[in-house]
C-alpha cells in the first residue's frame, strides 16, 4: 500500500512540474541596459550572438557562371599538358648488358662550361695542395736541414737567408690554394664515387661472365663423366 502511494505521489509531482515549468524567451548574458525595457524600444536591436550556417560554399570567380556551378578541380595544375603527365609502365626485367652503367664515359663528352672548368681546376689544385702539404709535413726535418747554412773550413761565407723563406712561401701558396668552397669538395667526391661505381660495375660484369663460363665447363664435365660411366656399365654387362 505504501508503495502504491509513493508511485502516485511521484506521478503527481512530475505532472505538476511539467505543467508549471516554462521555457524563457531569452537568456541575459550581461547586465548591460538592465534598466531599459526592450518592449518600450522595439527599434533597438537586442545584443546577442547569431550564428548562420551557409547552404553551400562557392569558390571566388565561379559565382557568375551559374547558380550551382561545379567547383573547379583543385588537383589539376593549370597550364600543364595532360599528354606529358602520362605514366609509362616500367620494364619487367632490368639488365645492364644492353646499356652498362659506364655509358656516360662511352658517350661524347659534355660541353664544359667556364664554371665547371673553374671547379675542376680548383679541385685539382686542392688535391695537389693537400699532397704537397702532406709531403712537406713528412719531410719537414729534411727541408729544415737543407735550408740551414753550410759552413766550410777556412771560409766565413754562408748560404743566403732567402732559403729560410722557401718553406714559408710554399705554405702560403698552399693556404691560398686550399681556400675554396665545400661545393668543390662535394663535386670532387661525387666524381670519385662515380669512378668507383663504374669500376665496381665492370668487375661485377667480369665476375658474371666468369661464373657463366664456369657453369658451362661444369655441365660439360658432368655430361662427359655420365656418358663415360654409362659406356663402362654397358661394356661390363656385355662381357
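Backbone N, Cα and C define each Cβ position, glycine as well.
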Range annotated as region 'Disordered' - as stated in Swiss-Prot, picked from 107-139, 140-172, 173-205: 107-139
Matching range for Swiss-Prot feature annotation, transmembrane segment, among 76-93, 220-237: 220-237
Averaged pLDDT score, the coiled coil (184-214): 89
